[in-house]
Amino acid sequence: MDPKGLELLLPPTTLAALADSWLREDCPGLNHAALVSGAAPSQAVLWAKSPGVLAGRPFFDAIFARVNCQVSWFLPEGAKLVPVAKVAEVRGPAHCLLLGERVALNTLARCSGVASAAAAAVEAAKGTGWTGHVAGTRKTTPGFRLVEKFGLLVGGAAAHRYDLGGLVMVKDNHVLAAGGVEKAVQAARQVADFTLKVEVECSSLQEAVEAAKAGADLVLLDNFRPEELHPTAAALKAQFPGVGVEASGGITLANLPQFCGPHIDVLSLGMLTQAAPALDFSLKLFPEGATPMYNAHRS
């Protein structure tokens with residue numbers, strides 16, 4: 001997906017509410033350091049100090065907008081970062097600029113980290129010639145899901161369902177509670193109507209066939225080794241060519257190519273959000289009229 005225009009997916013009221021909550025978490029009471037910095041007009045440069053994919057500009061903007069600062073970007077969303085890179089400039093009252101600094105950096109670093117991991121996974125999959133979807137999961141940080149899902153999209157991956165309402169996912173515990181695959185799928189179909197797809201987590205070909213017969217739109221083959229996954233998916237597709245097949249569990253950037261195959265439609269990786277390292281950014285003030293230069297000793 002082209003990162004251009006993705007910010008339109010983010011409602012301004014939601015961005016403002018998130019920015020407010022993050023800022024309140026960081027400074028719920030007195031901001032003692034404000035007396036040190038003062039309120040004089042100030043400017044700072046955002047530097048990227050590690051390679052990766054830039055993601056999260058709308059969140060960065062929303063945070064600084066709430067503290068009366070303005071951001072000017074030098075690089076677009078989805079840009080490949082080659083350190084040390086001058087990414088943006090922020091202007092506003094000194095105490096406001098520094099109030100938003102850490103919150104904005106945390107958000108941008110995390111979102112860019114997820115985007116970078118997603119981009120690496122998509123590149124690894126495309127390198128095999130596979131044309132399916134690399135996707136994230138619901139394994140996200142509480143309160144930070146929108147940022148991480150957005151990072152997946154910027155990195156070129158699919159976000160998967162945003163929440164429990166985006167897809168009727170029947171997992172192993174649901175099957176056990178319902179009393180079997182067929183009963184679980186029948187119950188799911190009653191609530192799914194025409195707006196939602198039903199996906200069933202399966203641990204064997206037998207379960208997958210049972211789920212497809214019962215009316216599942218997708219089958220999740222979970223924790224299959226590659227040598228088991230591909231024959232199982234082929235056998236299922238031979239009987240039910242219209243059923244989508246998702247593979248998940250144990251997939252990493254290193255072994256992802258082994259899971260790519262002609263009968264696999266989706267590969268989902270929890271590690272894209274759970275294990276993605278944050279990128280390194282810093283925000284450095286500079287005097288008006290001076291040319292900002294990166295100083296490693298001040299990072």
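Including glycine, each Cβ sits where the backbone N, Cα and C put it.
Record features, source TrEMBL:
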- 38-112: domain 'Quinolinate phosphoribosyl transferase N-terminal' (DOMAIN)
- Arg102, Thr137, Arg138, Lys139, Arg161, Lys171, Glu201, Asp222, Ser248, Gly249, Gly250, Leu269, Gly270, Met271: substrate binding site (BINDING)
- 114-284: domain 'Quinolinate phosphoribosyl transferase C-terminal' (DOMAIN)
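Mean pLDDT across the domain 'Quinolinate phosphoribosyl transferase N-terminal' (38-112) comes to 97 in this model. Note: Ser248 (substrate binding site) has non-local neighbours Thr137, Leu220, Leu221, Asp222, Asn223, Leu267, Ser268, Leu269, Gly270, i.e. same-chain residues 6+ apart with C-beta under 8 A of its own C-beta. Listed binding-site residues: Arg102, Arg138, Arg161. The one with the lowest count of other Cβ atoms within 10 Å of its Cβ is Arg102.
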